[in-house]
Amino acid sequence: MLIAARGFLAGCTYHCRVTSAKRVLLAKPRGYCAGVDRAVQTVEEALTLYGAPVYVRKQIVHNKHVVSTLEARGAIFVEENEEVPEGSTVVFSAHGVAPEVHEQARARNLKAIDATCPLVTKVHHEAKRFASEDYDILLIGHEGHEEVIGTAGEAPAHIQLVDGPDDVENVVVRDPSKVVWLSQTTLSVDETMETVARLKTKLPLLQSPPSDDICYATSNRQHVVKEIAPDCDVVIVVGSTNSSNSVRLVEVALGAGARAGHLVDYASEIQDEWLEGASTVGVSSGASVPDDLVMEVLAFLAERGFGEVTEYTTAEERLTFSLPQELRRDMKAAAAARELAAAAAARA
Ligand code: SF4
């Protein structure tokens with residue numbers, strides 16, 4: 001398998017791409033974002049530090065493979081705090097939780113480690129601030145998604161959900177001059193802008209969030225897929241069906257002109273008939289997907305003649321987040337205790 005690089009960063013446009021009988025256009029950025037990387041590392045470090053089992057409320061990130069890998073190491077995934085034995089350690093997922101979940105943990109004497117992505121926390125802060133100023137907050141997002149439940153829980157009396165453009169007609173506010181919209185971090189950029197445009201038609205004084213709520217990782221992954229999709233007969237996105245940003249990538253690919261799009265957790269789920277008659281296959285992955293799963297897809301495609309891979313890069317990502325403060329504090333204390341023990345052993 002040969003991977004060549006192409007990109008837009010240096011001003012190279014799509015016209016410079018190579019052509020061949022069968023090829024893969026590999027999207028970059030793809031896969032793990034900073035928030036997912038931090039959340040997965042949080043569970044791994046917690047397992048190392050406290051030992052198994054470590055309880056995790058909800059899937060730490062929405063990816064089947066990541067969850068089963070952590071389960072094999074001793075993580076136990078639960079739906080609610082009440083399933084966690086009193087006094088145990090529980091990690092909250094990257095999608096964020098409502099304040100009442102923290103209260104439940106305190107009531108059960110749980111040691112809670114909050115792996116909420118800082119970019120989700122930012123939206124929580126916005127919700128709290130606008131609620132404290134008595135705004136009506138229109139939260140654009142998908143009903144029932146964990147992130148939306150967590151954000152809405154910050155100010156339930158002020159927040160109403162707007163689930164896509166068609167939901168705008170149901171919006172009712174107290175004062176049209178004091179309304180702001182916020183959003184889930186993993187939505188389709190284009191669909192969200194359509195929802196906002198409709199909201200602004202209905203509520204001309206609607207305020208926008210202080211900064212983009214749809215996160216950099218979601219936007220970047222959608223942008224590159226949009227660039228490659230018009231030339232693809234089929235786009236394969238690696239990701240799980242409950243991963244909002246992964247599902248959006250398939251929609252974006254289809255909306256941008258790919259003739260077909262499929263979401264798979266593993267290469268083994270790719271059906272040979274999807275590739276029949278195809279000369280160009282696009283490949284990307286959601287923000288919760290480890291890149292080795294993408295490499296397995298490339299190997300699968302190479303075995304079927306799609307051995308030439310051109311990676312198209314539209315952005316470089318360097319963002320990283322430090323681990324949750326409560327975990328870092330315990331790691332530091334454990335390291336100090338190890339040093340003391342080693343010094344004592346040397347003296348003995
Ligand atoms: S997709 Fe965005 S908001 Fe979600 S964990 Fe990744 S960086 Fe954070």
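A Cβ is built for glycine as well, from the same backbone N, Cα and C atoms used for every other residue.
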Would you identify which residue of HIS95, HIS102 TrEMBL lists as part of the dimethylallyl diphosphate site it also attributes to HIS62, HIS145, SER243, SER244, ASN245, SER288?
HIS95
Any further residue of that chain within 8 Å (Cβ to the Cβ centroid of CYS33, CYS117, CYS215) of the recorded [4Fe-4S] cluster site:
ALA34, GLY35, VAL36, ALA94, LEU119, VAL120, THR185, THR186, TYR216, ALA217, THR218, ALA287
Integer Cα-Cα distance in angstrom, HIS62 (isopentenyl diphosphate binding site) to CYS215 ([4Fe-4S] cluster binding site):
16
Spatially speaking, which of the recorded positions HIS145, GLU147, SER243, SER244, ASN245 is closest to CYS117 ([4Fe-4S] cluster binding site)? Use C-alpha to C-alpha, please.
GLU147
Taking the centroid of the Cβ atoms of HIS62, HIS95, HIS145, SER243, SER244, ASN245, SER288 as the dimethylallyl diphosphate site, which other residues of that chain lie with their Cβ within 8 Å of it, listed in sequence order?
VAL61, GLU147, THR186, ASN242, SER246, GLY286, ALA287
Within 10 Å of its Cβ, which one of these binding-site residues (CYS33, CYS117, CYS215) has the largest number of other Cβ atoms?
CYS33
Given the recorded positions CYS33, CYS117, GLU147, THR185, return the subset with CB under 6 A from an atom of ligand 1, ordered by sequence, or none if empty.
CYS33, CYS117, THR185
